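Database features, via Swiss-Prot:
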- 1-17: topological domain 'Cytoplasmic' (TOPO_DOM)
- 18-38: transmembrane segment (TRANSMEM)
- 39-416: topological domain 'Extracellular' (TOPO_DOM)
- 43-160: domain 'SEA' (DOMAIN)
- Asn72: N-linked glycosylation site (CARBOHYD)
- Asn107: N-linked glycosylation site (CARBOHYD)
- 185-415: domain 'Peptidase S1' (DOMAIN)
- Cys210-Cys226: disulfide bond (DISULFID)
- His225: active site, charge relay system (ACT_SITE)
- Asp270: active site, charge relay system (ACT_SITE)
- Asn315: N-linked glycosylation site (CARBOHYD)
- Cys335-Cys351: disulfide bond (DISULFID)
- Cys362-Cys391: disulfide bond (DISULFID)
- Ser366: active site, charge relay system (ACT_SITE)
Amino acid sequence: MYRHGISSQRSWPLWTTIFIFLGVAAILGVTIGLLVHFLAVEKTYYYQGDFHISGVTYNDNCENAASQASTNLSKDIETKMLNAFQNSSIYKEYVKSEVIKLLPNANGSNVQLQLKFKFPPAEGVSMRTKIKAKLHQMLKNNMASWNAVPASIKLMEISKAASEMLTNNCCGRQVANSIITGNKIVNGKSSLEGAWPWQASMQWKGRHYCGASLISSRWLLSAAHCFAKKNNSKDWTVNFGIVVNKPYMTRKVQNIIFHENYSSPGLHDDIALVQLAEEVSFTEYIRKICLPEAKMKLSENDNVVVTGWGTLYMNGSFPVILQEDFLKIIDNKICNASYAYSGFVTDTMLCAGFMSGEADACQNDSGGPLAYPDSRNIWHLVGIVSWGDGCGKKNKPGVYTRVTSYRNWITSKTGL
């Protein structure tokens, strides 16, 4: 005979029930807290925009120096975008906007934009609508003279990495702006990461010897006198990054090309090209500087910047971090005065600094860049650190190789 079992029901102890309740409540609390945090805390968002300009063809792919007409258009668009967003209901969320490229097409030109905003994720959909509407309004009300087509505006969200890729191949673009004001490389201040991403350290047998400027993924521009007695390319490497001996990237040198008329005594035609054995990969901290057009003219008192890892004073110590300073262009007539350089500065050279001796490059800054910003704050290589009498002396400013005088020579050797 089979006997049916008798099941008995047992209740949970009170403390177990309380423990389970508190555990579930804690999980719900954390979940709700994370959700609120995710929806409320601001994040940075990146957008790529495009619109059409009819009837006029522009060609600025951002990889080379732009024409004056393209620069004027890009500057006007950027100014109008800045004004439009700063005077809108989303001015608090607005961070930055810029023109990336102007590309020709069959009926005119396409303008490529990059925009940056910061807002809570919950506002993503509505924010994109507001941004696009503001761009449409800007084109309709303020861009008629440029033949902009408001209906052509497109806007899409992109990742931070995609945003960086838009500008990494562009020349002369900084990631970070400089923060110094009126200090000098001699006893100067350190630069920020990404402020001068084209600056390179020419290392001879593993030690910093000269500076150079990255002008393409394979070529650098430097001073011929750096290599006059050290011309074996196998002895040279190139470091990129603001810390001279802890580089982001290092490359071997394949070839060094001197100017054919380089003269050591007077440092005439003090310019050299350095060809890398392997291309560099552009990043936000390693970028090329724009080469100027041969017809670019600088005026007295124009602002320029010199950078380098040279000594902090004559026969002094070397910095670890890249140094920077703002200088002024000095007219060659002043530089050639009897109390200055007495006619030794030729038309293929330029002077920069202060006659009072406030700022200067110094030893082992040779070959480094003298950079000039255009109206859009895009930087052009206008000079190469060449020579001077001491460092920061009164009436003895730095003398630089004038890059515009050698544009045809650079093109003949590199195709740039």
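FYI, residue positions are counted from 1 along the chain as it appears here.
Backbone N, Cα and C atoms are what each Cβ position is placed from, and that goes for glycine too.
Worth saying up front: this structure is predicted, and the values here are computed from it rather than measured.
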Of Cys210, Cys226, Cys335, the disulfide-bonded residues lying within 10 angstroms (C-alpha) of Ser366 (active site, charge relay system) are Cys210, Cys226
Candidates Asn72, Asn315, Ser366: member of the recorded positions with the richest Cβ shell (10 Å) = Ser366
Tally of DSSP helical, extended and coil residues in the domain 'SEA' (43-160) | 45 helix, 48 strand, 25 coil
Looking only at DSSP and grouping its letters into three states, which state does Cys226 (disulfide bond) belong to?
-> helix
Among all the protein chains here, how many other CB atoms are within 10 A of the CB of Cys335 (disulfide bond)?
-> 24
From recorded positions Asn72, Cys335, Cys351, Cys362, the one whose Cα lies nearest Asn315 (N-linked glycosylation site) = Cys362
If we count other C-beta atoms within 10 Å, could you say which of the disulfide-bonded residues Cys362, Cys391 has the fewest?
-> Cys391
Rounded to the nearest Å, what's the C-alpha distance separating Asn72 (N-linked glycosylation site) and Cys335 (disulfide bond)? Just drop the number here, would you?
-> 32
Under 8 Å Cβ to Cβ from Asn107 (N-linked glycosylation site), same chain, six or more residues apart: give me those in sequence order, or none if nothing qualifies.
-> His52, Ser54, Gly55
For Cys210 (disulfide bond), just count the other CB atoms lying within 10 A of its CB, please.
-> 27
Whole-number Å value for how far Cys335 (disulfide bond) lies from Cys210 (disulfide bond) (Cα to Cα) = 24
Confidence summary (mean pLDDT) of the domain 'Peptidase S1' (185-415) = 95
Closest of the recorded positions to Cys226 (disulfide bond), Cα to Cα, picking from Asp270, Cys351, Cys362?
-> Asp270
